[in-house]
Each structure stands twice: as C-alpha cells, then as structure tokens.
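As recorded in Swiss-Prot, the features of this protein are as follows:
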BINDING   Thr34, His196, Arg249, Arg341  FMN binding site
BINDING   His196, Asn199, Tyr368  substrate binding site
Amino acid sequence: MAVQKLYESQSKLFQPIKVGNMQLQHRMVHAPATRLRCLDNGLVMTDLVKEYYKQRSSIPGTLLITESLFSGAKSGGFSNIPCLYNDEHVEAWKPIVQAIHDNDCFVFIQFWNLPGELKVDYLEDQERLEKVTQGECPMDPTGLPAALGSAYSICGEELYVDKFMTKQDIQEHITTYTEAAKRAVFGCGADGVEVHQVNGFLLDKFVLNGYGDKCDPEYCGSLENRARFCLELLESVVNAIGQERVGYRISPFSDIWKDKDSFEAHVFMIKKIKERFPNLAYLHAIEPRQYWNGHVHITQEKNTLIYKNLWGDPFITAGGHDRDSAIQMAEQENTLVAFGRYFLSNPDLPFRLKYNLPLNKWDRATFYTKMSPKGYIDYPFSKEFLDTKKVE
C-alpha cells in the first residue's frame, strides 16, 4: 500500500485539535478500560502496563485515558486495580507516563471511587479484615447493596458492601482524590486527570439519588444537594492542578439507579460545571450502546449530542463506535471519539481507521485476565503500519 501522510484527510476525525493544554494530531482517543493487569496490592505491573501503553501511543499526537485508579485506600476494594496514593505507586507509574510522552502522545489518568464495595476474598487477609472492622474501608452513602441489588464485580466475584458515608467521610474522599490528582500530574508527569461520574459508582450514586435520603442532609434530597459532592470534589481538584488538566466523564444513559430524573440531573451537572469551570479540558460522555442489559444501537433521538450542545467544546463521545460512526460524530464541532475494545485489539488503531484497514477482533475472554500479557500486549500491528516504520 502506498501510504500517504497520516493526517491528510477531509474527515475531521483525522485532523488536529487542541484539548486543554494539548495539541492533538487527530481526534481518536484511547478510552479508559479496566484490565486488572496489576498486583493484588494495587501496585501496577510497570513493565507489562508500560508495554501496553507504549504500543497504543504508537501514533504521535494521540490522547490516552488510562484505566481507572483508586485514589485512596478507602476508594475501593477490588483486587488487581491500580492505585495512586503513595510514593511507591507514583514510582511505578512514572515510566508508563514517560513511555507515552516519548512517543509524543498525551495521557490523562482517570480516578474512580466504588460505592462501598469490597471483594469477599479481599477480606480473607487478616490485616485488611481488621481495617474493615475499624471502618478503614471503601464507603457508601447508604450501606445498601451494590447496584441493581447484585453484589458482584466485573469478574463475577462476590462483593461485601459496607458503611454509611458521613460528611467527614465525604471531605476525606475529596482530600484523597485531590492528592491523587496532584500525584498524577506533578509526581507521575501526566498531562491531566479524568474525574469519573459513571455507571452507578460513588459520584454517580450521589448525583442520581442512588441512596434516597440515607445520607448527610447536605448531600441528599434536592438535585443541588446531590450534586454538591461532585462539584466540591471538582473544585478541589481544579484548584490543585488547573482546569485545563481536568476532564469529566458521565454515563447519561446508564440505568443503574433507575433515577427518573437522570436527564435533568445530567443537564444540571453539565450546566453547573460549565458555569464554574469554563476552561475544563473536556466533557466525556458514554453513548447508550453498551450497558448491563445488552446492546443498544445509537439513534438520532438517543445519543450524547444533546449533552455536547449543552457543554460546547471540547467533547469526547465513547461507546461502541466503529469507523463510520466515528467519522460521523467527529463532524460535530470540536468532537473527539474514544475507543476501548478496538484500541485494545488494535494498538495502531488511528492508523487503521485512517486507511480503512481491517481491524483485529478482540478476545472478550481475556479482558479481565489478571496480571496476564495474553489479550493485552499480544495483539498485532498491521503490516502496513510496520512497513512505514521500516521506511523511517
């Protein structure tokens, strides 16, 4: 194949765009996706994970958003999830961030908080069990079971759900989240962080009334109260690292908490965030394609564009996109498209999409294979991409 210059295209998907402080060379983004390639104690497997991100930053000017990290010891209780709340964690992530930057790419580190869920075998360790009994564990606004009444992780592991969340607990979460953001940017050298209000997890649970009135009265009841935790956390993070280094992710079509006011809640949040933080790097929204109850196809009436129009620029859309839908969505002003599964199975994805090359199919069975290189760093680059490297 005679390969033309990579970004010569009429489609906006392949054209440069400025996001926050970053000058990207195209509008295809690596979406955050949990992959469990981490030690049981939260320490990332540096060599393995570095190779993964090195491969996926092979096209200069790409923005990569990492899998979600726990910001503190009380942020969650799943095993094999990376953490960033001490110096050892920072030192483990530094080479990963550096590898991305060495490829002239950019990285935002995402943080999440679980709503009080602990994996049951996580408690088999005596030291951990003592911490749980002393209240040093992931917290929930209510102490109620996990989403939809099921207490199981993404791997089908049984979960233990813990304690009511006080105002003091909320303030502690804000502090640990902010400290983690500072570690990400000033310690690891990341370009920014992404705040995670998605899929029924802790911040989402507050906004979508997942706890009813079983919480501190300042943080429940009215929509203004329910939004308070997120807005206070966002303000703290922004004050610590700057608006341009912060992105915000939502899942407006998730029905985890079956909140009849979900649309109004997301509209309220977007307006408040835009009003208070007009220079935020981006808003990142998940399409109604892939949720717990199966595959939902995008329609003209049901997609994220209404939220994009409320927000303005820049805007990232994610969720089940293929090449055609990505090109279509990128025609919207200052819109980027994030890929999760396709970026996993195609380390040179922006190149393949540019030249309409066949895509590797992902292997779902290896998505959450703990600490394994299989289905993680063994997907092949395209021959055409490798040929361009020979020319260089």
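Cβ from N, Cα, C; glycine included.
In this structure the residues listed as binding FMN are Thr34, His196, Arg249, Arg341; their two most distant Cα atoms lie 19 Å apart. Shown are the binding-site residues Thr34, Asn199; of these, the residue with the fewest other Cβ atoms within 10 Å is Asn199.
Cβ neighbour count for Tyr368 (substrate binding site) (all protein chains, 10 Å cutoff from its Cβ): 18. Cα proximity to Tyr368 (substrate binding site) (within 10 Å) is found for none of the binding-site residues His196, Arg249, Arg341. Residue with the densest Cβ environment among the binding-site residues His196, Arg341: His196, by other Cβ atoms within 10 Å. Residue pairs drawn from His196, Asn199, Tyr368, the listed substrate binders, are separated by up to 20 Å at the Cα level. All protein chains shown were included, and the count of other CB atoms within 10 Å of the CB of Arg249 (FMN binding site) stands at 27.
His196 (FMN binding site) falls within a strand when secondary structure is assigned with DSSP.
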